[in-house]
Amino acid sequence: MESIKVGMLGLGTVGGGVLKIMQEHQEKISAITGRRLEITKIAVRHVAAHPEVAELGIELTDDVNAVLNDPDIQIVVEVMGGVDPTKDYIIQALKNGKHVVTANKDLIAQRGSELVKIAQANHSDLFYEASVAGGIPILRTIVNSFAADQIEDVKGIVNGTTNYILTQMVAKGMTYEAALKSAQELGFAESDPTNDVKGIDAAYKMIILTQFAYGTNVKLSDLSVEGIDKIDAVDIQQAKSMGYTVKLVGESAEINDHLAVSVAPVLVPNDHPLATIQNENNAVLVKGAAVGTTMFYGPGAGKMPTANSVVSDIIATTKNIVLGTSGNTFNGYRQKAALAKPSEIFSSYYIAVKMPDIPGQLLKLTQILTEAQTSVSQVVQTETDGKEARVVAITHNISLAQLHTIIDQIDQEASIELKASYKVLEAQK
Ligand SMILES: NC(=O)C1=CN([C@@H]2O[C@H](COP(=O)(O)OP(=O)(O)OC[C@H]3O[C@@H](n4cnc5c(N)ncnc54)[C@H](OP(=O)(O)O)[C@@H]3O)[C@@H](O)[C@H]2O)C=CC1
Ligand SMILES: N[C@@H](CC=O)C(=O)O
Ligand code: NA
């Protein structure tokens with residue numbers, strides 16, 4: 001059987017999983033592709049840290065050029081992460097006529113369209129299924145199974161680390177710091193977890209999902225992004241007592257031909273399917289005009305689930321090589337769309353404030369809400385020490401513009417302090 005040589009950049013959490021699957025499932029992969037896939041070289045930073053590789057007959061190097069310029073290598077698997085210098089490495093691989101498989105959402109979300117053009121110009125495949133929702137085959141599903149439908153909304157939990165942290169805080173009463181440390185030890189978090197906890201990793205995934213769902217390129221500054229790093233455990237408990245679970249939810253919605261893309265902590269009704277997603281698992285709800293709402297669930301981070309998506313891309317690339325069909329873009333759908341205005345984006349909101357526990361204060365809050373033409377479904381005083389009270393209101397559906405007005409007015413009212421404002425998800429019909 002002919003062989004196809006594969007080179008790798010990176011051998012960390014994901015790379016280690018890729019190597020394991022490629023070794024263990026070699027026969028099955030050969031039977032499916034008609035080619036023997038051989039990993040011949042792996043570039044890492046610290047060669048001495050990977051003694052196990054030499055025993056496999058694979059060359060380990062700290063020189064990426066040894067992989068990128070090797071004429072025998074046809075497929076380069078990039079699992080080292082980061083944007084620079086990784087972007088240049090991928091460009092070099094593509095210009096050298098190699099096909100590239102990557103798990104790098106930071107890079108694809110920020111420089112994807114540039115890389116796609118270079119891949120096309122060089123008749124190379126560029127696949128990145130693992131970049132969104134780790135082990136869930138969501139990108140290929142959108143390309144293949146929604147081709148005939150019109151997607152109206154994509155929303156879900158697309159970051160494993162933060163969902164793991166929130167689950168551990170609610171279920172086990174773990175502190176935020178302890179839960180984050182555990183997510184790092186389990187290999188779910190990025191090497192620098194800032195992007196995970198600040199919602200940026202989820203935002204990158206929503207940028208890629210927006211591209212696949214609507215054919216539209218949006219950039220990070222087009223999104224409204226908030227992470228879980230400022231969530232107060234008091235609000236998590238308060239939400240729980242009102243029948244909600246706090247989740248970090250990304251949403252890309254089409255509203256009157258305009259797009260609204262966001263990532264934020266959201267109060268999810270306990271009977272909504274997203275409320276049940278635990279630990280590092282992810283779930284993506286895709287609503288199509290014809291099919292209605294569908295849900296895709298599975299591990300969103302971690303060694304083996306992510307590696308499975310990477311190896312699926314290696315197999316797809318190999319099949320294209322064999323059939324002579326390389327070089328088609330992963331997603332060929334292209335369309336322009338403008339961003340929705342705050343006056344077009346509607347939701348119910350949870351608003352938590354602190355105020356002096358004296359007569360007349362609640363009236364001030366009510367006046368602010370009334371002036372913004374906002375009615376509420378619930379108002380509760382959740383705690384008081386006799387001097388200061390915490391009050392929570394849940395609004396009916398209002399526009400984001402109305403929410404901004406309310407927040408501005410609260411800011412201007414010296415005796416009321418805004419503690420939190422979170423979107424409240426509608427019950428799933
Ligand atoms: N972990 C996960 O669950 C998921 C990760 N991803 C993405 O997969 C990619 C890899 O993540 P992960 O495996 O967790 O990362 P790790 O930090 O575990 O591994 C990174 C690997 O890349 C190597 N590396 C880093 N910089 C360089 C460089 N400049 N030159 C050569 N080698 C380098 C490291 O070498 P050394 O070993 O010597 O330090 C290490 O082997 C990232 O893009 C990440 O966002 C996507 C989905 C899920
Ligand atoms: N850090 C990411 C890894 C997968 O993309 C996450 O936690 O989701
Ligand atoms: Na995926």
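Each Cβ is built from the backbone N, Cα and C atoms, and glycine gets one as well.
Automatic, uncurated: that is what TrEMBL annotation is.
Listed in TrEMBL for this protein:
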- Leu9, Gly10, Leu11, Gly12, Thr13, Val14, Gly15, Gly16: NADP(+) binding site (BINDING)
- Lys105: NADPH binding site (BINDING)
- Glu190: L-homoserine binding site (BINDING)
- Lys205: active site, proton donor (ACT_SITE)
- 350-423: domain 'ACT' (DOMAIN)
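The two recorded residues Gly10 (NADP(+) binding site) and the residue listed as 'L-homoserine binding site' have their Cα atoms spaced 14 Å from each other.
Close contacts with ligand 1, defined as a Cβ under 6 Å from any of its atoms, occur at Gly10, Leu11 among the recorded positions Gly10, Leu11, Lys205.
Neighbouring residues of the recorded NADP(+) site, listed in sequence order and excluding Leu9, Gly10, Leu11, Gly12, Thr13, Val14, Gly15, Gly16, comprise Met8, Gly17, Val18, Val44, Val79, Met80 (Cβ within 8 Å of the Cβ centroid). Residue counts for the domain 'ACT' (350-423) by DSSP state, with H, G and I taken as helix and E and B as strand, are 24 helix, 33 strand, 17 coil. Contacts of Leu9 (NADP(+) binding site) defined by a Cβ separation under 8 A and a same-chain sequence distance of 6+ are given as Ile42, Ala43, Val64, Val67, Val76, Val77, Glu78, Val79, Met80, Thr86, Tyr89, in order along the sequence. The Cβ neighbour count for Gly10 (NADP(+) binding site), using a 10 Å radius over every protein chain in view, is 24. Reported as a whole number, the C-alpha separation between Val14 (NADP(+) binding site) and the residue listed as 'L-homoserine binding site' equals 11 Å.
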